[in-house]
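Chemist: Sharing a structure here in structure tokens format.
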Amino acid sequence: MITNKKPRSSDSDSIYMRDDRTEMSVDDDRSPSPNSITHDSSPTRTYNTGSGPGPGPGSSSVPEYLAPYPDQVLENVLENVLWFLTSRKDRNAASLVCRSWYRVEALTRSDLFIGNCYAVSPKRATSRFTRIRSVTLKGRPRFADFNLMPPNWGAHFAPWVSAMAMTYPWLEKVHLKRMSVTDDDLALLAESFLGFKELVLVCCDGFGTSGLAIVASRCRQLKVLDLIESEVSDDEVDWISYFPDTGTCLESLSFDCVECPIDFDALERLVANSPSLMKLRLNRHVSIGQLHRLMVQAPHLTHLGTGSFSPSEDVAQGEQGPDYVSAFAACKSIVCLSGFREIIPDYLPAINPVCANLTSLNFSYANVSAEHLKPIICNCHNLQIFWVLDSICDEGLQAVAATCKELRELRVFPFDAREDIEGPVSEVGLQAVSEGCRKLQSILYFCQRMTNAAVVAMSKNCPDLVVFRLCIMGRQRPDHVTGEPMDEGFGAIVMNCKKLTRLAVSGLLTDRAFAYIGKYGKIVRTLSVAFAGDSDMGLKYVLEGCPRLQKLEIRDSPFGDAALLSGLHHYYNMRFLWMSACKLSHQGCQQIAQALPRLVVEVIKHEDTLDMDEYVDTLYMYRSLEGSRDDVPRFVSIL
């Protein structure tokens with residue numbers, strides 16, 4: 001059996017590992033029907049139609065509708081119009097027009113998105129937005145996934161769920177990312193919202209199977225329970241069996257990140273009692289034989305996470321196993337496949353019957369070779385999203401390029417993330433993909449060696465790129481053919497890809513690369529920098545040249561106080577700035593705090609550093625309406 005045992009991350013690993021296996025976020029922003037909100041009646045009075053001055057014979061009392069104030073007319077019209085405004089960006093713009101628009105926009109908003117749980121207090125949010133049905137809340141910064149932030153930093157869900165329990169009795173959906181969630185939080189959520197329907201926890205921790213059991217037993221209208229890359233403690237509670245036996249409303253159940261075993265009989269009953277179930281993602285404790293039984297119960301699935309994809313323990317040696325090919329052939333609706341956590345490649349041909357319909361295929365936990373991949377990928381002509389390990393080598397990527405002409409997103413993860421090995425993918429695979437997959441919009445590519453020529457070719461062949469993240473593992477590695485810095489490659493990306501909003505750079509880069517980013521990256525919103533840079537001028541180019549920059553994360557780079565201070569004009573417009581293992585002094589961070597009092601400036605100290613160190617370990621800055629938070633741990637200083 002081949003088992004994927006690659007490490008999650010370490011300080012010397014790449015900066016993208018854990019977060020990039022999570023689902024891509026989508027802003028759904030669906031609003032309830034306008035009829036769900038009641039409006040006050042217009043003011044009325046009676047008047048006479050008779051000839052006399054007052055009531056009397058011949059007079060009749062008819063309601064007279066007073067003309068409402070002009071402001072009231074405007075607000076009534078606005079309220080009816082704003083119900084149809086679904087984009088967060090458009091709604092935020094509408095709220096800034098004037099006080100009346102600000103008030104009406106808040107009354108008509110049903111979906112609340114908060115990109116930093118410390119940017120606003122729960123009390124302020126619930127006071128302004130009173131008719132919320134869906135909440136999306138993000139906590140720790142992304143670099144917390146890579147052991148760059150001490151545990152117990154914060155981002156607690158407790159104050160939020162307490163405030164929502166008092167204000168939003170009709171809340172239906174909660175999506176959390178990188179939050180600390182306790183079993184008590186889940187219990188309060190399950191008890192407070194009788195019509196609760198959807199819980200999604202991405203990269204969250206602090207809870208266990210006891211909390212999941214409470215949600216399963218009390219949320220009788222639950223449609224979605226998705227646990228994605230979250231850490232779930234094993235409380236020895238069989239949480240699956242707590243779903244009602246009489247039938248559920250479940251449409252999506254994802255627990256592939258749960259490391260503890262589950263009661264398969266209870267899971268099988270649950271699937272049988274959930275006729276609306278369309279998405280099911282299983283953990284590694286579900287064998288391929290058990291998967292077969294579930295597929296027979298639910299042939300209508302559209303999204304399937306296969307679990308281990310290893311042999312069933314129910315099949316005795318020499319006994320013929322289930323017909324897996326027929327099971328997949330019967331599931332004619334499957335468009336998304338993932339899982340394969342402990343795959344035996346010999347079983348892979350079983351998925352062939354569904355390959356033609358697939359739009360998404362996730363092999364990021366499947367250690368398969370190009371030889372195993374090619375018979376599968378040659379049937380995936382409609383594939384739009386493909387995640388895979390670099391074990392497929394350049395040869396496998398060439399096969400992808402030859403078949404997947406509709407590909408929009410590609411992520412290539414390392415099977416072994418060490419810096420001192422010869423990686424199996426290179427510029428050869430990248431160039432093949434750029435030539436064969438011209439509709440590509442997003443790419444994450446881990447490799448050990450790269451050339452400027454291959455990156456330039458991608459910029460020309462795939463001009464619609466919105467996301468370009470190239471992680472050249474190993475510190476400051478140049479073009480491995482010419483020995484030159486990778487400046488021209490990344491420069492070509494920002495010059496030729498006019499839709500680029502997210503960029504991650506690595507390898508040997510000089511200030512010239514950052515000058516290109518500042519000059520041409522006018523709509524870049526997220527920039528990640530690792531082990532790169534020449535001097536303070538590099539960061540200065542970016543901060544002065546990228547007006548839409550929202551998120552900037554930097555690690556192990558030479559930028560110091562002068563670079564930091566060059567962004568004073570822009571920090572209030574950004575969601576956050578993260579800098580770790582750079583050359584920032586306490587004095588430089590203090591200057592930022594004094595110059596921008598509405599910015600929260602956190603200096604985070606790691607356990608293995610000395611108090612007298614010249615440079616700060618980590619600087620995390622973010623804008624906030626509330627000022628300093630009240631749950632600061634001992635290793636954090638707020639300046």
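Cβ atoms are placed via backbone N, Cα and C, with glycine included.
Per TrEMBL, the features are:
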COMPBIAS  8-31  compositional bias 'Basic and acidic residues'
COMPBIAS  32-49  compositional bias 'Polar residues'
DOMAIN    71-110  domain 'COI1 F-box'
DOMAIN    131-176  domain 'Transport inhibitor response 1'
REGION    1-64  region 'Disordered'
Chemist: Note the mean pLDDT of the domain 'Transport inhibitor response 1' (131-176), expressed as a whole number.
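Modeler: Mean pLDDT, the domain 'Transport inhibitor response 1' (131-176): 93.
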Chemist: From the DSSP assignment alone, can you count helix, strand and coil residues within the domain 'Transport inhibitor response 1' (131-176)?
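Modeler: So the domain 'Transport inhibitor response 1' (131-176) is made up of 15 helix, 10 strand, 21 coil.
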Chemist: Please count the residues of the domain 'COI1 F-box' (71-110) that DSSP assigns to helix (H, G, I), strand (E, B) and coil.
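Modeler: DSSP classes over the domain 'COI1 F-box' (71-110) add up to 30 helix, 0 strand, 10 coil.
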